[in-house]
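So the structure is just underneath, and the comments pick up after that.
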Amino acid sequence: MNFQFLAIFSVRLATKEEVLDRTQESGDVNVVWVFTYNSNREFSVFEFILINFLFLLSIFVTFIGVFCIGKSNIPHRNARWIIISGMLLWLELVVSRSFVFIFQWSSDGLQSRSGLLFWAALLRYHYMFFGVHTLLCITAERAMATILLKDYETRPRVWIAAILIGANFLISLTYAFLAVFQQILMKSIFIVCLAVAVVSIILLEIIYFLNRKRLDSLIRHDNTMVLYTLSIKYQLQENVRSCRLMRPAVVVVGAFIIMLILAECLPIILDFSDEVQMWCNLIFDTTVHTDPLVVVPTVVALMESFRKVFLSYYRTLQHKIRPNTVAVIRRKSIFPFTKPKETEGDIYFEMFNKSVSPNSLAVKK
């Protein structure tokens, strides 16, 4: 196969000794070297079948989550678009893993195959940074809902979601290029992801506190406030409810992403045996590429509006597959009844004909 169009850029295939030497010299870890080392190993048929099965299951779960979020009315449309973008960008990992499989199966030259790993690493780290910054985008959207309090719900303002998603895509792509070109190492990546997750959680708490404080003040003094309107009260209630629902999801997703970053490099830094590293890499790689099995159920379960949509459609589907049938229980009668004969209907019909015959009418006259 010819992959020259992918070999514009390439990455160096590092060995375990090189990764450890670089770690001891600089006190930091080159994540791209770790990625190429893990990708340049032998893989089993079991691993191939397992990951592809989990990929199909993850795609199914992802589209269920997107459907539930799209059908929900809470939170605002812009927040739902941001969450959906974070879920759908997971498809980059499917492409990334496909490049790794082609690299492991291909018999082409080293240059063309290393080009495949470059694009695989770029897509992998772009998704990772995009997922982390999605937490900050959700917080920024709630901040805009707090600033534009008077008419945020009545106007779509799709440009807010478009700007946040576009900025997230470009910033994450910049970080991914820096990581692949070895301009930022493991410590820098970890600091960026941790800082973004912590800042998102803190800002979301501040936004929740401000909206909650203003809503309480509005409820206590609604008769005396001159600028009191029902739309402002509704928007404050919406902001408080959305922030309350998003807080646990942001914490869980942020902790999960940071855990994945650490799990990639720790087995090599701690110098585990090759067999242990192989199993650690299999578990980590499978978890990364099938994270919708963790993230999507977490978001749907922790956010009440998404959970209600899912349960509603689940009950509807269950009713269509297995409709509820009311069992009719007939008790045995205490009166003996004989079974009707086959000619019983004919006898009654003849009696009726005789009763309306012309002779019977003449007698009555």
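Positions of Cβ are set from backbone N, Cα and C atoms, glycine also.
Taken from Swiss-Prot, the feature transmembrane segment applies to 49-69 (among others), supported by sequence analysis. Residues 80, 83-84, 87-88, 90, 94, 97, 285-286, 289-293, 296-297, 299-300, 306, 309-310, 313 of the same chain, all 6+ positions outside the transmembrane segment (49-69), place their C-beta atoms under 8 angstroms from a C-beta of that stretch.
Annotation source Swiss-Prot lists transmembrane segment at 82-102 (among others).
According to Swiss-Prot, the feature transmembrane segment maps to 116-136 (among others).
Note on the transmembrane segment (158-178): residues 77-79, 81-82, 85, 122-123, 125-127, 129-130, 133-134, 136-137, 140-141, 144, 184, 189, 192 of its chain, located 6 or more positions outside it, place their CB under 8 angstroms from a CB of the stretch. Here Swiss-Prot flags 158-178 (among others) as transmembrane segment, drawing on sequence analysis.
For the transmembrane segment (189-209), the residues of the chain that approach it from at least six positions outside its boundaries are 31, 125, 128-129, 132-133, 135-136, 138-139, 142-143, 146, 175, 179, 239-240, 243-244, 246-247, 250-251, 254-255, 257-258, 261-262, judged by C-beta separation under 8 angstroms. Positions annotated as transmembrane segment by Swiss-Prot: 189-209 (among others).
Taken from Swiss-Prot, the feature transmembrane segment covers 250-270 (among others), and the record attributes it to sequence analysis.
Residues or ranges marked as transmembrane segment by Swiss-Prot on the basis of sequence analysis: 292-314 (among others).
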